Amino acid sequence: MSIYDTLNEQQREAVYQTEGPVLILAGAGSGKTRVLTHRTAYLIEEKGINPYHIMAITFTNKAAGEMRERIDKIVGFGSESIWVSTFHSSCVRILRRHIDRIGFDTNFTIYDADDSKSLMKDICKRLEIDTKIYKEKSFLAAISSAKDELITPTELMQRALTSSDYAKRKQAEVYREYQEALHKNNALDFDDLIMKTVELLQSDPEVKNYYQERFHYIMVDEYQDTNTAQFELIRLLAGKYQNLCVVGDDDQSIYKFRGANIYNILNFEKHFPDAKTIKLEQNYRSTQNILNAANSVIANNVGRKSKTLWTANDEGKKIDFEQFNTGYEEADYIARDIAGGVRNGDYHYGDYAVLYRTNAQSRLFEERFIVSNIPYKIVGGVNFYARKEVKDLLAYLKTIDNARDDLAVRRILNVPKRGIGATTVNRVSDYAESYDISFYDALKRADEIPSIGKAASKVKPFVNLIQVFRSKLEFISISDLLREVIEETGYVKELEAEGTDEAEARIENIDELLSKVVSYEESEEHPTLSGFLEEVALVADIDSLEDDSDYVVLMTLHSAKGLEFPKVYLAGMEDGLFPSYMSITSDDSSEQLEEERRLAYVGITRAMKELTITCAKQRMIRGETQYNKVSRFVKEIPLELLGGKAPVVSRKESDSSIENTWNVKPKRMTMRQQPSGQSMQARAFASVHTKEEKLPYDIADRVLHTRFGEGTVVAIVEGGRDYEVTVQFDTVGIKKMFASFAKLKKL
DNA sequence: GTTAAGTCCATTTTT
DNA sequence: TGGACTTAAC
Ligand SMILES: Nc1ncnc2c1ncn2[C@@H]1O[C@H](COP(=O)(O)OP(=O)(O)OP(=O)(O)O)[C@@H](O)[C@H]1O
């Protein structure tokens with residue numbers, strides 16, 4: 001029996017249909033991703049295709065890794081030479097080789113959202129735009145959607161000129177400036193990665209030919225969420241052999257807000273007239289009840305491609321629907337339910353996922369889970385690599401690696417404080433501009449810049465520091481380099497001295513960064529600093545999910561796409577939250593509501609065995625209490641599928657008592673890679689320090705600090721749970737710290 | 001140039 | 001509610 005016998009008939013057809021354009025259109029859990037994996041294996045194993053000629057595009061880096069792994073399990077060889085990656089990573093790979101042909105240096109830097117924003121701020125300042133009226137964010141949004149549609153600054157300007165909209169013209173102008181600035185910095189933003197690749201392939205026949213000849217077979221997962229630029233990219237790459245297989249579900253298109261164009265999938269047969277369409281109809285993931293619920297919700301959308309979806313699985317339990325008075329009770333219920341399920345041996349923590357519409361909702365669950373000692377991991381929110389402390393240290397590494405990223409250099413020039421302020425930065429910047437050199441090169445010539453005067457003496461040590469690191473680069477490992485950066489800059493020391501929970505969380509993140517460097521070094525045969533920085537630039541939070549770890553996963557519905565869990569909670573199912581207030585009130589409300597409904601469909605279909613839907617009558621949203629009705633999507637589920645342990649009854653006895661027991665606040669930053677519940681809780685409690693009755697020192701006493709050395713106490717302020725002590729140190733100056741952290745010794 | 005206090009304002013979703 | 005940004009004081 002071959003492995004292809006584990007597929008059903010339609011799936012097998014999709015696997016065997018290797019030639020020409022193919023659209024696999026199918027509902028959730030029908031094995032689309034599985035088909036792609038087997039199809040790739042089939043190409044290699046049965047068709048004798050060289051893995052080198054196969055490209056597979058996935059939605060996340062994690063999915064790419066998994067696909068490669070599974071192919072490897074089936075075929076046993078060659079999987080490493082298949083091109084499996086996301087759109088963004090693929091483009092970076094192509095551009096690193098060939099972008100010089102369109103006027104960039106191949107070691108361009110990639111700007112993340114933060115970087116783009118600071119660049120935009122500069123530009124608005126330069127163009128004297130009143131950012132109270134025209135917001136940076138709105139410019140960035142306009143530029144981003146232009147790029148998703150492959151619209152150049154010139155084209156945008158032309159469009160703007162035909163309308164009399166002043167704002168549009170401003171946008172086009174800013175777009176042009178923004179692109180020029182990026183070019184000058186030899187940088188690309190996220191959307192550029194795709195657009196520039198398309199530009200490259202369109203303008204350079206040689207490069208286009210090279211890649212067309214490389215990719216004989218191309219496959220794209222989650223095709224319903226591709227945008228116009230990505231479509232064009234695929235069309236170009238597949239232009240020669242036309243062996244393009246796309247896989248998707250129009251009912252799961254949920255990324256319109258970032259440019260996804262559902263017509264890519266709806267019109268696939270028009271784009272590729274000889275396309276073969278294959279539909280998969282059997283769902284292997286969920287129980288009948290769950291599938292029925294999902295089907296009845298999505299049936300309320302119009303203009304869908306017709307699809308059947310059935311399952312041979314059991315009917316399963318009814319969907320547990322619970323309404324609570326507050327979000328606290330909701331979180332409490334879910335926490336108890338999980339704890340109970342694990343206690344009974346029904347599930348492991350890792351079988352559970354809590355899904356919600358907005359990241360802000362994670363907070364209540366986090367607080368509750370800490371109290372209940374439930375191990376969890378929050379996916380999403382602020383990307384790990386976007387956190388201040390991580391970005392600071394990465395900026396050091398970037399600057400050491402090559403100081404061409406002006407933004408990175410500027411970021412760390414005064415971190416830690418070196419007494420270099422905005423004025424100096426601007427003057428150096430002007431100087432760099434007028435001599436057409438990089439910011440860092442200008443810093444090196446600080447003495448020659450007349451306008452900065454004595455500030456030059458402050459810049460010198462910084463440049464020296466970087467040069468010293470550079471000279472070490474070839475002798476020490478990346479992790480040791482990072483350790484030295486941390487040591488020399490006193491970054492962690494400073495945080496330690498702060499002594500707050502937040503600072504502690506930042507230190508943990510820095511440790512985490514260190515271990516990521518170490519694991520990069522271990523995984524790579526020839527680890528390089530540039531290689532590490534590259535890897536780090538495009539990771540999404542979801543990539544850090546580990547399958548074999550035993551923790552409850554909390555994430556937004558968007559992040560959950562493509563995943564599955566034995567038991568799923570859909571929390572906050574309230575009108576105004578989900579569907580969101582924005583979608584209900586906007587002027588193209590019906591369209592937006594359909595997208596929200598698709599999101600609900602995605603959420604419901606993540607569940608394999610059990611689904612719990614919860615909502616709260618009242619909920620705190622940005623400091624205000626909102627009263628919400630049960631989500632319309634819940635009402636679209638037939639009543640007979642719903643059950644509930646305590647449906648729609650208010651539970652008096654738990655009213656206020658719950659809120660009052662919640663006094664353990666989680667740290668401000670979500671920890672990465674939640675360890676076991678036990679140590680998590682231990683740490684959470686460890687941060688609640690007890691105030692000492694009386695301090696062993698007083699104002700004007702001489703004291704000793706483990707890091708800062710000797711100093712004199714200048715002030716002691718009694719705070720809520722601790723004393724805040726201000727000390728004038730002999731060497732490092734004045735520092736404020738909490739007594740219980742600083743552990744000062746009286747001399 | 002740095003820091004503390006004070007004001008405004010926005011909240012979907014993210015590679 | 002709290003984060004981002006501005007203003008005022010050191
Ligand atoms: N022929 C099959 N026999 C047994 N199990 C299958 C079969 N096909 C798929 N499955 C299982 O069904 C589940 C869903 O498969 P997969 O993730 O590939 O679906 P999908 O269509 O990509 O889902 P989604 O659209 O939700 O991303 C997986 O657990 C997979 O192992």
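Cβ atoms are placed via backbone N, Cα and C, with glycine included.
No curator has checked TrEMBL annotations; they are predicted automatically.
Here is what TrEMBL says about this protein:
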type: DOMAIN; residues: A:5-287; note: domain 'UvrD-like helicase ATP-binding'
type: BINDING; residues: A:Ala26, A:Gly27, A:Ala28, A:Gly29, A:Ser30, A:Gly31, A:Lys32, A:Thr33; note: ATP binding site
type: DOMAIN; residues: A:288-562; note: domain 'UvrD-like helicase C-terminal'
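Feature map: TrEMBL annotations on the structure.
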residue: A:Ala26; record: ATP binding site; CB count, 10 Å: 27
residue: A:Gly27; record: ATP binding site; CB count, 10 Å: 25
residue: A:Ala28; record: ATP binding site; CB count, 10 Å: 25
residue: A:Gly29; record: ATP binding site; CB count, 10 Å: 25
residue: A:Ser30; record: ATP binding site; CB count, 10 Å: 28
residue: A:Gly31; record: ATP binding site; CB count, 10 Å: 22
residue: A:Lys32; record: ATP binding site; CB count, 10 Å: 23
residue: A:Thr33; record: ATP binding site; CB count, 10 Å: 19
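In the three-state DSSP scheme, A:Ala26 (ATP binding site) falls into the strand class. For the domain 'UvrD-like helicase ATP-binding' (A:5-287), the model gives a mean pLDDT of 92. Cβ atoms within 8 Å of the centroid of the Cβ atoms of A:Ala26, A:Gly27, A:Ala28, A:Gly29, A:Ser30, A:Gly31, A:Lys32, A:Thr33 (the ATP site) belong to the same-chain residues A:Asp249, A:Leu280, A:Asn283, A:Arg285, site residues excluded.
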